[in-house]
Amino acid sequence: MSIWQRVSFTHRFSQLPSAFYTLVEPQPLDNTRWVAWNGEFAQQFGLPAAQNDELLAVFSGQSEFEPFRPLAMKYAGHQFGVYNPDLGDGRGLLLAEIEHQNGTWFDIHLKGAGLTPYSRMGDGRAVLRSTIREYLCSEAMAGLGIPTTRALGMVVSDTPVYREKTEFGAMLIRMAETHVRFGHFEHLFYTNQLAEQKLLADKVIEWHFADCASAEKPYAAMFGEIVQKTADMIAYWQAYGFAHGVMNTDNMSILGQTFDYGPFGFLDDYEPGYICNHSDYQGRYAFEQQPRIALWNLSALAHALSPLVEREDLEQALSQFEGRLSQQFSRLMRSKLGLKTKIAEDGRLFESMFELLNQNHTDYTRFFRALSNLDKQPAQEVIDLFIDREAAQAWLDLYLARCELEVDEIGEPISAEQRSEQMRQTNPKYILRNYLAQLAIDKAEEGDFSEVHRLAEILRHPYDSQPEFEAYAKLPPEWGKKMEISCSS
């Protein structure tokens, strides 16, 4: 039986006019071999759970495959606040779409596929280091429940790629419900291709925002949806301590899914000003700046959509961003603290908690996990995470008093055991700390991919105890704290 028998393909973007893309064939790497195949995810598309040579040949661009029509998308974007018209898929190709078991279509994008007309000064390649980081982080984010692109698999080769040092060329098979970015609309606006921009908006509504089609103002409704989804994504980032590192508008998905993993980082100590991108000298994309930058990016998209949407409608949608973000962030924080009900004083509880975490350089993830285990462990386990134990005890007393006010749907008090069980499903034990990714990369560069596989599997179940992997939940060593990552990939 053919391995493709239960798989459905299409390629709607390739049916758009040529102004949107250039057809490009992948340039195969030398001696390509699997690093990882995401078998559980693959099965959701009717693909085999086990990697094989036929999948390798098709998904690494070594052999032609009829359902695929590889293309490089053209877009633009604001990078560190400056408009750059010369962007596009410089090393990635949109191969096709594949149907998920729930009926959703996912793009198949091959990253590291070679030169395209949009490669500029690049070589069209990706290296093993950055490919592993994106594979692991997209799986970690999915495990946490944060909106994200996914990874179907990755391959490595013997092809040398020259960065700060000579590295091995690799490819990532990235999956996303769309690869349409804010920058697609910006490109068409700034080049005055307004008919094409309207066509793209029509197709985006048809493919992704069907409910907007029947709205009185479909394009305004579409933009409103993009604002809401972006706010939701940022709320998750801030609640889970994720710093993206390079929030350019060409890295912003219209569906509010975390996109393009480069110099990202999860918080170790709670540090609002954390900068994970080695090249972000001004701290534009620091952790605490992410909500502001998301709104800035949405404003840039609003400007680009001004031929389609009236100014007051754009302003109305943008005005909803902060309220939606605050609402979603508060919901997530209440969940992390095991609070089902909502009272006015919760804001002060949150603020004093963040102040305490910041002043004491407390590990963000371990704090919430320790708080989740108060039914099993003494409160001292939480107190000991702080330098100022007296202040920590005072906050914990306030928190526990607040928990006493919690009741369930029928007005009965919620037990500590019930609350802790729910909190353990919200506060991860395991996150992708940069030092863990680096250890996996170091082994992989020596030809041992076992740590990549182990780490990916741990991160797919971040809320589970997994006692055999306790070492992966430890504090990072000194060399692994607050790592800044280069953009060179």
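Each Cβ is built from the backbone N, Cα and C atoms, and glycine gets one as well.
ASP250 (active site, proton acceptor) falls within a helix when secondary structure is assigned with DSSP. Around the Cβ of ASP250 (active site, proton acceptor), a 10 Å sphere holds 22 further Cβ atoms from the protein chains shown. Residues or ranges marked as active site, proton acceptor in Swiss-Prot (evidence: sequence analysis): ASP250.
Listed in sequence order, LYS111, GLY112, ALA113, GLY114, LEU115, THR116, SER119, GLY122, ASP123, GLY124, ARG125, ALA126 are the same-chain residues six or more apart from ARG91 (ATP binding site) with CB atoms under 8 A from its CB. Among the features that Swiss-Prot reports, ATP binding site is placed at GLY88, GLY90, ARG91, LYS111, ASP123, GLY124, ARG174, ARG181, ASP260.
A sphere of 10 angstroms centred on the C-beta of ASP260 (ATP binding site) encloses 22 other C-beta atoms. Taken from Swiss-Prot, the feature Mg(2+) binding site applies to ASN251, ASP260.
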For ATP, with binding residues GLY88, GLY90, ARG91, LYS111, ASP123, GLY124, ARG174, ARG181, ASP260 per the record, max Cα distance (Å, no decimals) returned as 23
Would you mind reading off the Cα separation of ARG174 (ATP binding site) from ASN251 (Mg(2+) binding site), to the nearest angstrom? 14
Mind giving me a neighbour count for ASN251 (Mg(2+) binding site)? Other Cβ atoms within 10 Å of its Cβ, every protein chain shown. 20
Those binding-site residues listed as GLY88, ASP123, and which of them has the most Cβ atoms within 10 Å of its own Cβ: GLY88
